[in-house]
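According to TrEMBL, the protein has these features:
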{"type": "COMPBIAS", "residues": "1-37", "note": "compositional bias 'Polar residues'"}
{"type": "REGION", "residues": "1-52", "note": "region 'Disordered'"}
{"type": "DOMAIN", "residues": "152-451", "note": "domain 'CDC20/Fizzy WD40'"}
{"type": "REPEAT", "residues": "206-247", "note": "repeat 'WD'"}
{"type": "REPEAT", "residues": "289-330", "note": "repeat 'WD'"}
{"type": "REPEAT", "residues": "420-453", "note": "repeat 'WD'"}
{"type": "REGION", "residues": "460-507", "note": "region 'Disordered'"}
{"type": "COMPBIAS", "residues": "469-484", "note": "compositional bias 'Low complexity'"}
{"type": "COMPBIAS", "residues": "494-507", "note": "compositional bias 'Low complexity'"}
Amino acid sequence: MISYSDTPSPQPNSSTPLNSSPATTRKTPLSQISSSKGCDYSSPIPQNSSQAKFDRFIPNRDSSTLAAGQFNLSQKDSPLILDSNLSEYQSEVAKACGLTLNSRILTFGAEAPVSDKEDYSKFINRNPSSKISASSKLSNKRRILTTPERILDAPGLVDDYYLNLLHWSADNLLAIGLDNLVYLWDANSGEVSNLCEFTNTSPSTIPTHENITTAVQFTSDGSYLAVASQNGQVSIFDPIAQKKIRTMSDRQSRVGALSWNNHIVSAGARDGSIWHHDVRVAKHKVAELFAHTGDICGLKWRSDGALLASGGNDNLVNIWDIRSSVPKFTKTNHTAAVKAIDWCPWQLNLLATGGGTTDKHIHFWNTTTTARVNSINTNNQVTSLNWSTNYREIMSTHGFPNNSISVYSYPALTPISTITNAHDSRILHSAISPDNQVVATVASDENLKFWRIFDTSSLAGSQKGDVKSSAATSTQNSASSMSTPINSSDKNPSSISLSRSRQSMIR
């Protein structure tokens, strides 16, 4: 954690050119002589000498020019300027010679362009090495709302830290797993649909741990949705047609984390293994990675598909090269399970990872040099991380003890804002909208909340919460239309239930 000191650093003692300096005693020649030792201060001429006929010299004032000098001093005209470097002297000489100053003499080339006069005061105290990001420039001006814009009910959310049950697609569809169900919420229209339901494998009508939803993940373009279940199956759905395409099984361990890389969906399981499934071929399992000894709860491919980051309950962070079945390197700095993982969108070799309850740290890694470049002690369980593309910032959600949302600038790691007690219980999952302005969080209090964390209206200079301008944007900014800010006249935010028995309600 970066610490700050309120004690100002001592400034060097420098004198101001225009300020008056303290008077100093000027040494006269007599004082210098008096400081010498062995000098005889007696008169060199004896008093009784015949040469000492006069005791002083009186000048003849009649032959002097004292009167003329006094007259000249009393005149208002300035004395004769003899310094050739002064502009007054040059003007007098030019006038006497009949010349015009600043005129060209025997110059046959084109005139040089005249530079604009620049106010150099703006360069004072400027640090040329500081390339400040948008968040650093606007963090002191913009204000992050500490109240959610919208709240949805999420009944039946499984309170399990090691699952990943929330994701937001590029088509503005939000997928959430509740019990043995998967729901889709259309952020454009506000419609809720039940995508799938895992059937009970036991005769009991109560959902068992064999069929609950454990992970959901869209492809980068939002065209497909992967859904994992407790029994190790991974199903692929078309979210627009709401139709199952295929199911990939042959695995007995629970899958808690999913991540797409083009046509490959990687699945991390409780036994510490990672399977790569190629959804195009019948024999879908194309690779298996094994380097964790605990439940894999964090999994994220880099945007270029070259590296895969995984975190597990064994407190390890592994970085995998797509061309190898062994980790490129392993990090052991965390002291708790690593679920929160996210790659930096503007610096591909920068990875952020967050630890659990006994760790509470966010570490930043340079995957090129394998070095840790920064760290933050959040004093909270870290459950998810989201980089912003609108601002150079990173947002973290937390569980115990504060159930908070925090925003930090990068690389300064300056706290931008903290929303304490954002939920009544620990935040389990988060997802960011396709326009990177709104963040959805869900907690074990069964509330799904939407927060406008990275509002771009401050960047454009418009007012915050301008619903009309948000609705007029393109489809990539369609998340703004679904998260209409609550006006002062609205006493309660609208809430839509995701339960099977009711589709909507007003709290």
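Placed from the backbone N, Cα and C atoms, the Cβ positions cover glycine too.
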| said: For the repeat 'WD' (420-453), report the average pLDDT of the model, please. | reply: 97
| So how many of the residues in the repeat 'WD' (420-453) end up helix, strand or coil by DSSP? | 0 helix, 18 strand, 16 coil
| note | Secondary structure of the repeat 'WD' (289-330) by DSSP, residue by residue, totals 0 helix, 23 strand, 19 coil
| task | Over the span of the repeat 'WD' (206-247), count residues by DSSP class, listing helix, strand and coil in order. | result | 0 helix, 21 strand, 21 coil
